[in-house]
């Protein structure tokens, strides 16, 4: 009886193995990681949302590069500009309680409240001077995403390389690089940011982001170094060396994929942090300058009208949260995809099915 | 007849994994009596550890435990968590496999014993300290008053295990559950720990539940033996019965797989012609030093070591942990620089250790590491790991490489489809075979095997050694086989070298060293190896105690 049961289990196991085999037949490391990432639902949804936000804001408000003297501008599909002021329009679209620039966006359908679903001329309303708020938010999202991506990628790249080299080689190289890191660390971010903003703020958002990125890698470098210090003692590093691998190959092919969890976690934190740093700088007047805007700047500019015109506060907030969440979920998906131990979660439904299968098998075996 | 301290009936342990209950232990029934030892024997994955952890509710939350477990008449599975907690440590004490991880590194040994005493017996700090020092004395730790204030890292492995035992014995437990208590220790230390446990069993009259895979240890300790396979109890009988008249085929197989000293016919290496060929590996008066780091002074790991290995020869290098044998292995393939002396591999002098010289020997050497879990890159599919030496040496690429990898997988008897698997999806034995495949990828003339079987089960070890032997006969590589297990060396090697404290103490043909060792250290080492035969082990034990 028990032998029969065992047999059944064995075949079950075999089937499972075969499925697992089919899943990874003839694939390289990169392909396997890609497949696993694609299967991560939260990450894929976030990726789609993020791409949508990026496309939406860039096509909507157009592309704006360069400083105030020589602008490179491509017009977007949204008719209003961030420097168009229309005080009469604001007064015209007054809310019921007498606040000008009420949002025209209405998502509640006709049969509930009567006015019906509509976008209107100024879906997110207008600000206190009568600028279209939709244009401002799109432009803000565009600039914030730019800052986030540039600071994030620069910080991750520099931090990873510095940390990897310091951790792998150790000794004098480690000492020099870490003292350099210390030097960067002791400078307060906001003061550095203020100096950078004062000097580069008027050149537009890209140079500002690049400069911020050059001062954002230190924490990541420390984490990566620690990870490398412990990983380089593992036997597979020796095995690679015996196989004839160069230092570069060992660092990038063997150790780095093992440190990817740390890099992604601190990388996503870095990116969400970048948005906040930029907001803080803009708040202090050293970041993005008017008439240009960023999401952080919008929030800080309108936080005192929160009680009377809450939409001026809500919408940039919603965009910041959406972007930061997306980045974090994508990071989570990447980390899981890189970790071979991570198996696909099994849903409750599948569990129930498996349980039924098992119990019927057991019942049959007993009978 | 006395009441049993532990009575286990209709005991089942299942794990909820991926939507299915996987049984880890099925219908177990046994009793442990005071002053007696029941040994649960089985290979990894047989459920021996899970079943014993489940006794006191120490399993993860995805486990289900059913049946009855009575400790001194109280059913642990139905008792409230408070009751179970009171029983843990007081009535039932555990000794774990790894003393290095079972002790908290940030507290002193004394603190950890006092904690147990105060928690369970409500002692005051002064009495608890006095009692702790008594306990440390009881487990024969040197200078108990000083050891009391020491941190775990200041003790050796054997001393840590003694400290663990002291903690376990703090409340005079009625039942001691020892889960592979000596697996991580050297043979001479193992013998001492086993002596200590046997001694204490009589002194305290506790029952011992011993979980192990080492038949030698079982023969040394057990009164009764329970053999497990895949969760089932295959045989349960007295030690004498199991060892001399095993009835179940699995037990017989298990006993047959244990390497025994002196059971293999003479292996001699014959050289073609009368002249000895050039040695593949030649070490001459080698000194290896770990350099000074900060305040830690330089440490001389190996002193004045000379050894030659000829083509096609397997030399076993034996010694206890810390004797420098791994250091020798790593230096032989240029992973460690040497301070003085000469090392030459396959005719290339690598004593200076510059990169150019080292890259020359990469084509001629391979190494199999001790820990299969750490020696394969966890993020690299094993096909890529195996193919890496070939790829880097520029011998093959693309389809050629794929083909070579498949051949290598065939030669170590692994399915070709495994090439896309990650190391963690393989068992320990399979991983170690991947290690061999990688080491032999370039058909080296010298293979260094650094304790390749220490993490494997006996039957897996037997298969692994067979495979290695077969490959060696086919490919005729020279092999430096580093191990602490004399039984393995006995099976495999032509010659044996014994190391102690960084020096070579004895070197000679296999039989010469094993049968008539000259050096007193070698004699002690051989005497400490437990033999899987209760009667003979008893004789050996008495003989060993007589030497002391």
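Here, residue 1 is simply the first one shown, and the rest follow in order.
Even glycines carry a Cβ here, placed using N, Cα and C.
All annotation found in TrEMBL is predicted automatically rather than curated by experts.
TrEMBL tags one of the stretches A:42-60, A:61-79, A:80-98 as transmembrane segment, and that stretch is A:42-60. Feature annotation (TrEMBL): of A:120-140, A:204-224, A:225-245, the stretch labelled transmembrane segment is A:204-224. Note on TrEMBL: of A:289-311, A:312-334, the range annotated with the feature transmembrane segment is A:312-334.
Range annotated as transmembrane segment by TrEMBL, chosen from A:13-34, A:255-276: A:255-276. Stretch with the most C-beta contacts under 8 angstroms to the transmembrane segment (A:42-60), considering only A:145-169, A:176-198, A:204-224, A:255-276, A:312-334: A:312-334. Long-range contacts of the transmembrane segment (A:312-334) within its own chain (CB-CB distance under 8 A, at least 6 residues past either end) are made by residues 37, 40, 42-47, 49-50, 53, 124-125, 127-128, 133, 137, 140-141, 144-145, 148, 152, 260, 264-265, 267-268, 271-272, 275, 295-296, 298-299, 302-303, 305-306.
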